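**Student:** The feature domain 'Nucleoside diphosphate kinase-like' is assigned by TrEMBL to 1-140. Taken from TrEMBL, the feature ATP binding site applies to 9, 58, 86, 92, 103, 118. Feature annotation from TrEMBL assigns active site, pros-phosphohistidine intermediate to 121.
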Ligand code: DAT
Ligand code: MG
């Protein structure tokens, strides 16, 4: 069965949205394979996770945000779970995320110079899912 990796980012945990995010996963019928509350991740781990973005001008703000507090990490499985979870998350930019999606229902567009805080992460392909599961859960 297809698997994907997800994160409830520091904003989601701080705002008390863990239960509502997990409820949507269960409601949709996906199977929870792994689920852990983790202390704020190290910069090194976040840099590896976002290896495709580390050279972008905005990346330092992402790193600061992602290391700012505890996160929930997990693996879920189900038919087409990678693309389906991406649809459930909604667009990257909160102002573009449709109502009914997690980001569209809970995330606000950045104000001032803060970075995008959009509650959740989900792998974007089978290759990233495998890489991210190995990175966060140490499966070789
Ligand atoms: P997604 O999280 O929808 O997969 P992504 O992988 O392109 O989006 O980027 C990872 C995170 O980085 C994203 O959730 C928010 C932030 N981000 C992406 N593009 C950005 C940009 N142009 N400016 C600021 N932050 C950005
Ligand atoms: Mg991404």
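Glycine is treated like the rest: Cβ placed from N, Cα and C.
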**Student:** Taking 86, 103 as the binding-site residues to compare, which has the smallest set of other Cβ atoms within 10 Å?
**Tutor:** 86
**Student:** Measuring Cα to Cα, how many angstrom lie between residue 92 (ATP binding site) and residue 121 (active site, pros-phosphohistidine intermediate)?
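**Tutor:** Per the Cα atoms, residue 92 (ATP binding site) and residue 121 (active site, pros-phosphohistidine intermediate) stand 9 Å apart.
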**Student:** Please give the average pLDDT for the domain 'Nucleoside diphosphate kinase-like' (1-140) in this predicted model.
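**Tutor:** Averaged over the domain 'Nucleoside diphosphate kinase-like' (1-140), per-residue pLDDT gives 96.
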**Student:** Please check the binding-site residues 9, 58, 86, 92, 103, 118 against ligand 1 and give me the ones with CB under 6 A, sequence order.
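**Tutor:** Going through 9, 58, 86, 92, 103, 118 in sequence order, those close to ligand 1 turn out to be 58, 92, 118.
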**Student:** Restricting to the same chain and to sequence separations of six or more, state which residues have a Cβ under 8 Å from that of residue 58 (ATP binding site).
**Tutor:** 115
**Student:** What residues, ordered by sequence, lie under 8 A Cβ-to-Cβ from residue 121 (active site, pros-phosphohistidine intermediate) and sit at least six positions away in the same chain?
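**Tutor:** Expected: 5, 6, 7, 9, 89.
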**Student:** Quick one: of 92, 118, which of the binding-site residues has the smallest count of other CB atoms within 10 A?
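**Tutor:** With the binding-site residues 92, 118, fewest surrounding Cβ atoms within 10 Å: 92.
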**Student:** What's the longest C-alpha separation between any two of 9, 58, 86, 92, 103, 118, the listed ATP-binding residues, in angstrom?
**Tutor:** 22
**Student:** How would DSSP class the residue listed as 'active site, pros-phosphohistidine intermediate' in three states?
**Tutor:** strand
